[in-house]
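A.B. asks: What follows is a single structure, and I will ask about it in a moment.
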Amino acid sequence: MSLNFAAMARQSERQASTVMVPKGEEQPESPKIHTLGSNELRKPAKRISKVNEQVRELAREMLRSMYAAHGIGLAAPQVGVHQQLLVIDLDPEEAANPPLVLINPEIVATSGALDTYEEGCLSIPGVYLNVVRPSQVDVKYRDELGRPQRRKADGLMARCILHEMDHLNGVLFVDRVSDELSLSGELQRLGFDRNDVKPVA
């Protein structure tokens, strides 16, 4: 997910994680983020059977890519790794605020009103369009140490979790955009192919 939510991000709750990489610095070589049109983005992700140092290093590499691209969320399929792993940091400019790592996340329930907000994505840079999503989500997952966790989130955190979890199923936020005119116009403006969008119900 891309940084078009700065005001909302400042109101976000603190996140807990021990996987840290430097923020606000030039990032070392990091995995390439695939963009709309890449088949890598459409492949479903597989569950991670064992949480180990290799998984933690992947999370660090994803964070480096995310920070370098000025994003607030990234899913493993976006860097061509088809495993169920997400990293989120709603306050990427605050060094003391650790990122959130979600391994094998599962939605327990969604609730609250259906809200419409503008979203962006590091895999579709420059495109920002309105998407309707539930305002609250209850998600269970394992953290970077393999411990089971459960989290209830609302606002930007809920939206970011839902956005990134879509990537694990090969779904992009543009697949959920209902304003066809705006969608086609934005994609054309930035050189993306409208035919690469796969609408979901």
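Just so it is clear, glycine is given a Cβ too, placed from its N, Cα and C backbone atoms.
Swiss-Prot lists 1-34 with the feature region 'Disordered'. Feature annotation from Swiss-Prot assigns compositional bias 'Basic and acidic residues' to 23-32. If you look up Swiss-Prot, you'll see C121, H163, H167 marked as Fe cation binding site. Swiss-Prot lists E164 with the feature active site.
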A.B. asks: Relative to the Cβ of H163 (Fe cation binding site), which residues of the same chain, six or more apart in sequence, are found under 8 Å away?
C.D. replies: M1, G73, E119, C121, V131, R133, F173
A.B. asks: Same chain, not part of C121, H163, H167: whose C-beta falls within 8 angstroms of the C-beta centre of the Fe cation site? Give them in sequence order.
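C.D. replies: So the extra residues in range turn out to be M1, G73, A75, Q78, E119, L122, S123, E164, D166, L172, F173.
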A.B. asks: Enumerate same-chain residues with a sequence separation of six or more from H167 (Fe cation binding site) and a Cβ-Cβ distance below 8 A; give 'none' if the list is empty.
C.D. replies: L41, A45, A75, P77, Q78, L86, S123
A.B. asks: Give me the non-local Cβ neighbours of the residue listed as 'active site': same chain, 6+ apart in sequence, Cβ-Cβ under 8 Å, ordered along the sequence.
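C.D. replies: Set apart from the residue listed as 'active site' by at least 6 residues yet with Cβ under 8 Å, we have M1, G73, L74, A75, L86, I88, L102.
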